[in-house]
Amino acid sequence: MGTRKKVHAFVRVKPTDDFAHEMIRYGDDKRSIDIHLKKDIRRGVVNNQQTDWSFKLDGVLHDASQDLVYETVAKDVVSQALDGYNGTIMCYGQTGAGKTYTMMGATENYKHRGILPRAVQQVFRMIEERPTHAITVRVSYLEIYNESLFDLLSTLPYVGPSVTPMTIVENPQGVFIKGLSVHLTSQEEDAFSLLFEGETNRIIASHTMNKNSSRSHCIFTIYIEAHSRTLSEEKYITSKINLVDLAGSERLGKSGSEGQVLKEATYINKSLSFLEQAIIALGDQKRDHIPFRQCKLTHALKDSLGGNCNMVLVTNIYGEAAQLEETLSSLRFASRMKLVTTEPAINEKYDAERMVKNLEKELALLKQELAIHDSLTNRTFVTYDPMDEIQIAEINSQVRRYLEGTLDEIDIISLRQIKEVFNQFRVVLSQQEQEVESTLRRKYTLIDRNDFAAISAIQKAGLVDVDGHLVGEPEGQNFGLGVAPFSTKPGKKAKSKKTFKEPLRPDTPPSKPVAFEEFKNEQGSEINRIFKENKSILNERRKRASETTQHINAIKREIDVTKEALNFQKSLREKQGKYENKGLMIIDEEEFLLILKLKDLKKQYRSEYQDLRDLRAEIQYCQHLVDQCRHRLLMEFDIWYNESFVIPEDMQMALKPGGSIRPGMVPVNRIVSLGEDDQDKFSQLQQRVLPEGPDSISFYNAKVKIEQKHNYLKTMMGLQQAHRK
């Protein structure tokens, strides 16, 4: 077991222009926070009201960036998870205090991402640094709304809604959610896609304290499993990271909640109250019973609260005087959490398949040792391998000869041979019984003694002996009759099914996405080919522009380094004194080489920058061609679709050559658009973001895919509504 350790508790103060400096003060060590309240003079002269509180925590984060918050709070927890330790990071606090911003951040801006996206990124970065291990990552996303469990990833097409409600189940391995989908993620972008998919399904509402208030508790779990590639041992490690975004506590008088929002606030406050009761019980060493089952939140987090886990709490508070009562309540909760102890330990498991392989290797070594021992004791005829067919046939022959009396005894060689001898006795006995039964059936008709109709017929036929017994009557034998199915009786021919020709035009028009694929392969194949060629040229130019941009950035960084080195050499020369010869400044060789290098770098920079400008001009022109092809492809598809499936058949004659309607005259309301695909958006995004932060590509690419998916779903809903109309 691991050593016991305290839960780490941090406080993050929401930035505000109206900060209560007189009431809230921070310690110099940035680990303590003091609260001071003025006495209420309305209580009279004798007033025992407490006015000062001091809270000692693991850190106070005031005006802290998202980078600093993650480095302080979560980095070590995620790092230890790759070594087999479970981890939990929980955000707690009043509604609107910044819990979701701390956990999720602003998904629109990569730099403002929160703990959860950064944890996902760190996990995959550390996996790349461990090539000696085969590490698999899975994720799940749970929502607890009004004391009901929901899977935020159930909207994925390969998951679907659960028929039975999800339940919390406990077993010796811990607590898990039955019915919650767990998804394998092979790369960082897949994990971000699942995260953004779940975020779009969260329940939020608006009230006076927060325009986008989370109305549910959410738990995003990262499951890690690591197997060694170099060692053949069957032991491997597992771990999980729970990232918990709690809904905020509310004072109903301040939030002004009513209706459904009021009902949600009641459930939220109730579950947070039960969470606090569980924390108080965990902090009391004399308590034997911990009330985990009072609500779904505490039950789901049973492993995290005081279990085998590295636990970190981030308490979000306001810095305003108007919210001081809620701030005190949140700080009390953080202080109680610090009293809770956990016992983190490495989660080691054993791979059954690898264990079997190791046992087979050990068995082979033991056989070799036995072979050496037998050779030393002149027992070379003994084998320890399973008997083959020839050896088994030889033992069967020995058993038969022994039963016939031609063999007096069977030599004992090994335990395996003894077992096979007894087995062959059983085989020979069974074969003899079958031969006896077969002989009897050839000579006699075996009838069940309970079949009175058959017995009566036999008696009439005179097939009964003098004692009144059936001839050839064995004990417990019977026979049965079968009836051939009607379809197999002779003279019956199967009726052939009638075949109908399908109409040339379907009764209901196909969906536009399906029809569009058909159009691109047939009538619109030429314009589609031109569109793809232009698109390919555009992507190639964008790729070259991206590479040129990276090269320019590399040259710029080298120019900056060279300038710093040159300035250092100049300052060093000035300190040593100036040397002149005939009015010319004398410099050393190193400084001269730096000047030449800087000159060459600037020349390269200007040349590459001119190439980049030319490429951008080409990209702009290619983009114009792609847009033109896209517009023409859509326009021709709309004409083809309406004239092929929408126009009544009695009007088709008018569209033929010489008719009164020319192609394109039919009014078309375009409801399907061929917008920019993922590659377009990704390429444009890459041009803008890559020079600043290459690590952000997976984050933004996943966001683009989720937006594309939801735009597609909206389009399909519009199609269905238009079809109904």
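Even glycines carry a Cβ here, placed using N, Cα and C.
From a predicted model like this one, the values you see are computed outputs, not experimental measurements.
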**Asked** If you check TrEMBL, which stretch out of 69-96, 265-292, 349-376, 629-656 is marked coiled coil?
**Response** 349-376
**Message:** At a 10 Å cut-off from the C-beta of T100 (ATP binding site), count the other C-beta atoms across all protein chains.
**Reply:** 25
**Message:** Suppose we draw a 10 Å sphere around the Cβ of G98 (ATP binding site). How many other Cβ atoms does it contain, all chains included?
**Reply:** 21
